[in-house]
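See structure below.
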Amino acid sequence: RLQESRERLSVCSKLCYAVGGAPYQTTGCALGFFLQIYLLDVAQVDPFYASIILFVGRAWDAITDPMVGFFITKTPWTRFGRLMPWIIFSTPLAVVSYFLIWFVPDISRGQVMWYLIFYCIFQTLVTCFHVPYSALTMFISREQSERDSATAYRMTVEVLGTVLGTAIQGQIVGQVVTPCIESPRFIGLSNSSVAMEGLNMTRNPGSLTDTRNAYMIAAGVIGGLYILCAIILWVGVREKRESSELQSDEPVSFFQGLKLVMNHGAYIKLIAGFLFTSLAFMLLEGNFALFCTYTLGFRNEFQNILLAIMLSATLTIPLWQWFLTRFGKKTAVYVGISSAIPFLILVVVLDSNLIVTYVVAIAAGISVAAAFLLPWSMLPDVIDDFKLQHPDSHGHEAIFFSFYVFFTKFTSGVSLGISTLSLDFAGYQTRGCSQPSKVNFTLKMLVSAAPVGLILLGLLLFKLYPIDEEKRRKNKKALQDLR
């Protein structure tokens with residue numbers, strides 16, 4: 001009893017641990033919603049090169065996860081621990097590189113390389129923060145119940161982090177009206193390519209100074225929050241070496257474990273289903289700001305619409321937690337993710353209407369909550385199923401989680417690259433007050449038709465997923481008997 005008492009974590013320790021999850025979600029949400037429109041309309045990068053920046057940055061982010069994980073396993077213990085030095089030393093460099101992403105350099109050439117390099121550097125450094133932070137769960141206590149409790153605190157703060165990222169970036173940038181380019185002699189001809197070409201030659205780029213300053217102020221605020229969270233984590237959490245030394249499993253070959261995991265049918269089907277549904281919401285996330293600005297005409301309102309999505313997601317996560325325990329996880333997938341479909345269709349079928357757009361945003365947030373919660377809820381069931389089929393093979397849990405993240409990040413890079421490239425082919429006009437009809441049609445496809453198709457395909461794949469509630473209960477009992 002005395003040993004258990006020493007292993008218990010205080011509420012303060014759990015909160016300090018949970019705060020460490022905010023930087024990854026805050027910066028990720030700000031980049032996900034705003035980087036595309038920033039590159040196109042503020043930095044004025046050609047859409048083709050913007051698509052390269054977005055794709056390469058996200059693809060590199062996916063590659064760095066297993067790389068950093070491998071190097072961490074080779075890191076010796078220090079008096080600060082093995083994971084904490086990665087978190088502390090990467091933080092100031094990550095904040096500097098994050099700020100430079102939102103800075104427009106005064107150079108005529110090399111602007112594309114500037115954003116590509118600093119975007120990739122930031123993704124590497126934030127991975128150096130988040131991978132050891134995720135692994136820190138196993139080193140804060142030897143008691144499984146305490147780890148589970150700390151994880152629950154963490155998930156709550158991470159969801160709040162997404163709201164903070166959207167609110168800080170959106171509200172600061174939204175206070176400044178980005179000047180668009182228009183000319184009175186082209187009014188009424190805005191859908192013609194000739195008119196749009198003329199519109200883009202009537203304003204000086206210097207009029208963007210206030211907008212560029214707003215993006216840098218938002219980056220400074222989020223960077224300050226990043227540093228504050230890292231300090232709280234470092235001061236309030238102690239990494240315990242003895243927690244890892246209690247592990248009785250023998251070291252396993254990475255490639256042998258990877259082969260076993262990738263041959264596990266339930267895992268492949270789960271990843272395939274969530275890959276397509278996640279891709280649908282990433283397309284919506286990456287293009288929604290452009291869609292609100294140009295297709296719907298809510299140039300000065302889109303930051304509030306984005307905030308409505310994230311607030312809706314935050315408030316409905318407890319609802320989905322109750323729903324999946326009451327009706328089962330597969331049912332929650334079908335109901336939660338498919339609920340976005342009618343609203344995604346509605347937003348492009350009806351005429352531009354602010355009230356309808358807010359209703360759609362709230363409905364999309366409800367589905368986003370389900371898409372955010374369910375993968376992390378269902379992956380442990382797959383791991384339990386794997387343990388029953390391979391009772392003599394241990395220590396593969398990290399592979400299950402890391403490669404789900406890897407595939408999700410890589411496909412998000414592909415989706416952002418393809419969507420930005422599609423806008424380029426459609427004739428996207430940088431800083432135009434309006435866009436050609438082909439661009440508006442492309443944006444409708446990217447936020448409605450494509451996500452709906454991907455959601456339907458993902459739900460179809462979930463039909464093949466073998467672990468229903470009955471199977472899950474049987475696996476749980478079999479594991480208890482095995483132990």
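Glycine too: its Cβ is placed from the backbone N, Cα and C atoms.
Listed features, source TrEMBL:
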- 83-104: transmembrane segment (TRANSMEM)
- 116-140: transmembrane segment (TRANSMEM)
- 214-237: transmembrane segment (TRANSMEM)
- 266-284: transmembrane segment (TRANSMEM)
- 304-324: transmembrane segment (TRANSMEM)
- 331-349: transmembrane segment (TRANSMEM)
- 355-377: transmembrane segment (TRANSMEM)
- 398-421: transmembrane segment (TRANSMEM)
- 441-465: transmembrane segment (TRANSMEM)
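Counting Cβ pairs under 8 Å to the transmembrane segment (441-465), the top-ranked stretch among 116-140, 331-349, 398-421 is 331-349. By number of Cβ pairs under 8 Å, the transmembrane segment (355-377) is matched best by 266-284 from the list 116-140, 214-237, 266-284, 398-421. Residues 32, 333, 337, 344, 364, 367-368, 371, 374-375, 378-379, 382, 385-386, 400, 403-404, 407-408, 411-412, 415-416, 419, 446-447, 450-452, 454-455, 457-459, 461-462, 464-467 of the same chain, all 6+ positions outside the transmembrane segment (266-284), place their C-beta atoms under 8 angstroms from a C-beta of that stretch. Note on the transmembrane segment (331-349): residues 273, 277, 284, 295-296, 320, 323-324, 356-357, 359-360, 363-364, 366-367, 369-371, 374, 444, 447-449, 451-452, 455-456, 458-459, 462 of its chain, located 6 or more positions outside it, place their CB under 8 angstroms from a CB of the stretch.
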